[in-house]
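Engineer: Before I ask anything, here is the structure I am working with.
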């Protein structure tokens with residue numbers, strides 16, 4: 001559709017001019033928390049972000065980036081980069097991830113969809129295998145969803161079920177794996193009492209088995225493949241609870257890094273390798289740590305490791321994990337249909353757009369920002385640049401990542417005059433925060449701050465406007481805390497490091513020489529969240545957002 005199409009025409013803002021160059025900067029994993037030694041943003045030298053915060057209070061505000069504000073089921077659910085960028089770009093709140101799965105399970109719709117009907121064709125002769133993270137952390141999966149899926153699958157004809165568990169200890173407390181396995185074993189015993197042959201078949205820790213991401217270490221996926229598909233692992237047990245308890249007794253061992261194990265029968269044969277004619281479901285709803293196993297299960301041409309034996313299976317993900325790769329091709333729950341994103345509106349109203357990040361977050365500032373849609377809306381008005389991320393290392397080894405390179409690309413795009421909006425994601429706070437390395441995360445925050453300065457200096461030169469925000473928290477709190485907010489300790493008296501996202505709010509800062517003096521943050525928006533940013537950016541481009549968008553964060557006060 002052309003920009004003249006009336007469906008896409010945005011009304012002009014009565015008080016804000018068009019034509020200003022606008023930089024939208026997303027600091028990934030950059031929340032707001034009380035200052036202490038575990039708040040890496042506070043510890044780091046961040047003069048640029050400090051100056052934005054200490055500037056005029058009407059130019060700095062906090063918004064919600066987790067829970068219901070980004071379409072997740074409850075406010076106990078931490079935000080993530082996918083839903084955060086969906087909200088930032090779409091300007092409305094869509095049911096997401098876990099919530100989509102909850103709705104599909106509660107209504108029974110999941111059992112009517114194409115994905116379930118596809119795997120169901122294996123129920124008569126084959127085994128249904130469920131692979132995923134056994135946890136109630138709510139970041140990648142939830143135990144109650146697995147319980148409902150087991151019940152529903154057995155009611156819809158699954159006669160033989162094998163569960164391949166991955167222990168957590170990252171989004172939940174270390175040691176909680178034992179309780180989760182006991183709960184699952186009780187459920188499987190109940191299914192067996194009803195005549196369903198249901199058992200745990202294999203297991204391992206999430207950081208050592210199956211759940212690698214960004215092609216960092218294919219050996220992790222291979223260890224999972226060997227246990228789940230081939231039925232081979234260095235540790236063999238007849239009982240999964242015993243397996244987890246015994247393996248946790250190994251030196252320096254924890255839930256995240258449990259070595260792979262298989263459950264065997266009295267004769268020592270694995271009880272549940274994946275065979276021709278079986279069905280496989282990866283039940284995690286979060287995508288990033290399922291893409292690699294999905295490739296191994298789905299791709300005919302695959303060269304990342306020797307799969308030895310590639311069974312002919314019917315495979316579906318809980319959700320589609322990569323919309324760009326269309327992977328997996330079958331899934332139990334369809335993604336939210338996100339239409340009319342802010343990016344599409346702006347391009348169709350003549351706003352020339354540049355977007356850039358490094359590989360690990362490039363899809364977030366393009367694909368997810370644009371409503372889970374790949375490619376350009378109008379190639380003549382858009383340019384997206386991906387800077388290759390470091391590979392083969394953990395990000396705490398190179399915590400500066402590609403922040404400067406991203407910032408320099410953004411600076412050049414701003415100074416070129418070719419673009420009206422330049423949008424970037426700086427991944428450091430999140431990617432390094434996930435390693436749990438506090439010193440490295442401090443370096444990462446400093447690097448991100450330096451990158452922001454490069455971009456804001458360019459905005460200054462062209463008389464433009466900046467919007468600096470984040471997608472969720474991470475680097476601002478690196479320890480687990482008790483109910484009174486004090487750091488928790490493990491049985492050896494060591495502080496328990498927090499590697500996950502947080503429930504903290506994130507900043508939104510506006511400014512730049514192009515911002516009219518009367519523009520300030522409103523104080524009347526009920527529970528502002530990430531979705532309010534889209535209407536705000538549209539205003540700064542001189543437009544009024546569509547009426548169904550979450551309200552803008554700014555107003556123009558006549559001096």
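Here the Cβ of each residue, glycine as well, is placed from N, Cα and C on the backbone.
What TrEMBL records for 20-543 is domain 'Metalloenzyme'. Summarising the annotation, TrEMBL assigns Mn(2+) 2 binding site to 28, 81, 471, 472. Here TrEMBL flags 81 as active site, phosphoserine intermediate. The domain 'BPG-independent PGAM N-terminal' annotation in TrEMBL covers 102-322. Sequence annotations record features per position, and here TrEMBL assigns substrate binding site to 140, 170, 171, 206, 213, 286, 287, 288, 289, 361. Positions annotated as Mn(2+) 1 binding site by TrEMBL: 430, 434, 501.
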Engineer: Provide, as an integer number of angstrom, the distance between the C-alpha atoms of residue 287 (substrate binding site) and residue 430 (Mn(2+) 1 binding site).
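Structural biologist: For residue 287 (substrate binding site) versus residue 430 (Mn(2+) 1 binding site), the Cα atoms are 16 Å apart.
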Engineer: Just counting, how many other CB atoms are there within 10 A of the CB of residue 471 (Mn(2+) 2 binding site)?
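Structural biologist: So the number of other Cβ atoms within 10 Å of residue 471 (Mn(2+) 2 binding site) is 34.
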Engineer: For the Mn(2+) 1 site given as 430, 434, 501, which other residues of the same chain have their Cβ within 8 Å of the site's Cβ centre?
Structural biologist: 28, 29, 80, 81, 429, 431, 433, 472, 474, 475, 499, 500
Engineer: Using the residues the record lists for substrate (140, 170, 171, 206, 213, 286, 287, 288, 289, 361), what whole-number Å value is the largest Cα to Cα distance?
Structural biologist: 22
Engineer: Select the most exposed residue of 289, 434, where exposure means the fewest other Cβ atoms within 10 Å, treating these as the binding-site residues.
Structural biologist: 434
Engineer: For each of 140, 472, 501, count the other CB atoms within 10 A of its CB; which of these binding-site residues has the top count?
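Structural biologist: Of 140, 472, 501, the one with the most crowded Cβ is 472.
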Engineer: I'd like to know which of the binding-site residues 28, 171, 430 has the most other Cβ atoms within 10 Å of its Cβ.
Structural biologist: 430
Engineer: Select the closest residue to residue 140 (substrate binding site) from the following binding-site residues, measuring between CA atoms: 28, 434, 471, 501.
Structural biologist: 501
Engineer: Measuring Cα to Cα, tell me the gap between residue 471 (Mn(2+) 2 binding site) and residue 171 (substrate binding site) in whole angstrom.
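Structural biologist: Rounded to a whole number, the Cα-Cα distance is 18 Å.
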Engineer: To the nearest whole angstrom, what is the C-alpha distance linking residue 81 (Mn(2+) 2 binding site) and residue 171 (substrate binding site)?
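Structural biologist: The Cα atom of residue 81 (Mn(2+) 2 binding site) is 16 Å away from the Cα atom of residue 171 (substrate binding site).
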Engineer: Once the chains shown are all counted, how many other Cβ atoms turn up within 10 Å of the Cβ of residue 287 (substrate binding site)?
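Structural biologist: Result for residue 287 (substrate binding site): 23 neighbouring Cβ atoms inside 10 Å.
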Engineer: Any idea what the Cα distance is from residue 28 (Mn(2+) 2 binding site) over to residue 430 (Mn(2+) 1 binding site), rounded to a whole Å?
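Structural biologist: So the alpha carbons of residue 28 (Mn(2+) 2 binding site) and residue 430 (Mn(2+) 1 binding site) sit roughly 5 Å from each other.
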Engineer: So which other residues, same chain and not among 28, 81, 471, 472, have a Cβ within 8 Å of the centroid of the Cβ atoms at the Mn(2+) 2 site?
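Structural biologist: In sequence order, the nearby non-listed residues are 26, 29, 65, 79, 80, 84, 85, 361, 364, 425, 430, 470, 474, 501.
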Engineer: Using Cα coordinates, what distance in whole Å links residue 430 (Mn(2+) 1 binding site) and residue 171 (substrate binding site)?
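Structural biologist: Pair distance, Cα basis, whole Å: 15 Å.
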Engineer: For residue 213 (substrate binding site), write down the residues of its own chain that are at least 6 apart in sequence and whose Cβ falls under 8 Å from its Cβ; none is a fine answer.
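Structural biologist: Result: 288, 289, 291, 292.
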Engineer: Looking only at C-alpha atoms, tell me how far residue 434 (Mn(2+) 1 binding site) is from residue 472 (Mn(2+) 2 binding site), rounded to the nearest Å.
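Structural biologist: Roughly 13 Å, rounded to the nearest whole number.
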